[in-house]
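Asks: Grabbed the feature section from TrEMBL, which reads as follows:
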type	residues	note
TRANSMEM	15-35	transmembrane segment
TRANSMEM	42-62	transmembrane segment
TRANSMEM	90-113	transmembrane segment
TRANSMEM	125-146	transmembrane segment
TRANSMEM	166-187	transmembrane segment
TRANSMEM	207-231	transmembrane segment
Amino acid sequence: YDELQALVNSTVTEAIMFGVRCGAAALTLIVMWMISRSKKTPIFIINQISLLLIVLHSALYFKYLLSNYSSVTYALTGFSQFISRGDVHVYGATNIIQVLLVASIEASGVFQVKVIFTGDNFQKIGLVLTSISSALGLATVVMYFVSAIKGMIATYQDVSATQDKYFNASTILLASSINFMSFVLVVKLILAIRSRRFLGLKQFDSFHILLVMSCQSLLVPSVIFILAYSLKPEQGTDVLTTVATLLAVLSRPLSSKWATAANNASKPTTINSDFTTSTNGFYPGGY
């Protein structure tokens, strides 16, 4: 009975986590679509795709939780006869959507790293950091894709087999890439703030807001990833990785929008800085 209760608790925890994830992403997607002035900028499109994929992935995961794959009967008996072709298709679609979600997250991070080094004196360093970010992002996406393919192969060969090592490696790569790109954003924004202070520009502006959001996307998901791996999985803490991913995605559009709101409230007298890319329309007014 203890094992059965633990299984039920784990399923309920996953349902709650993915419900919160789906609701937060859907609400953010709608709000950003309503209040954004420009809907054709690359960063807006990438962020909207990420939010849409989170909603779609959560919906498919709900279907997975309601399928025989996640049923108590199958968990206790292990009989593959309970698994239908439709259950396998839902499982595969959920994994592929997760790969696309990770790809959109990495694309958003790489794009922001590229943008902040556009048109300043650190273009060579920016090219190196963008290349490293791209390599980390590509490795993360490839590992998630390998994990998805291995999972699908296991469903046809040994339905009870697990792919923990591939999933753990892909999650570690995702956390590492998010941390690296967020660290680059934080350092570059600190340099931009110092430049603005030297030029005598206003200090409480979009750069401070972006700095705060970048720190959040660096620290909070990192803590959650550590908790997910340090605590016992029997407590359902492994689903905390979904919350960490959600926070990383939500921080991108919110930081850009809050930066735009701050600039609309009080425009600086000088727009030249290490971070300004107003000619491209990316930050801050173009979003």
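Each residue, glycine too, has its Cβ placed from N, Cα and C.
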Asks: Top stretch among 15-35, 42-62, 125-146, 166-187 for CB pairs under 8 A with the transmembrane segment (90-113)?
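Replies: Counting Cβ pairs under 8 Å, the winner is 42-62.
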Asks: Please give the sequence-distant neighbours of the transmembrane segment (166-187): residues at least 6 beyond its ends with Cβ less than 8 Å from one of its Cβ atoms.
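Replies: Answer is 102, 105-106, 109-110, 112-113, 116, 129, 132-133, 136-137, 139-140, 143-144, 146-147, 150, 210-211, 214-215, 217-218, 221-222, 225, 229, 241, 244-245, 248.
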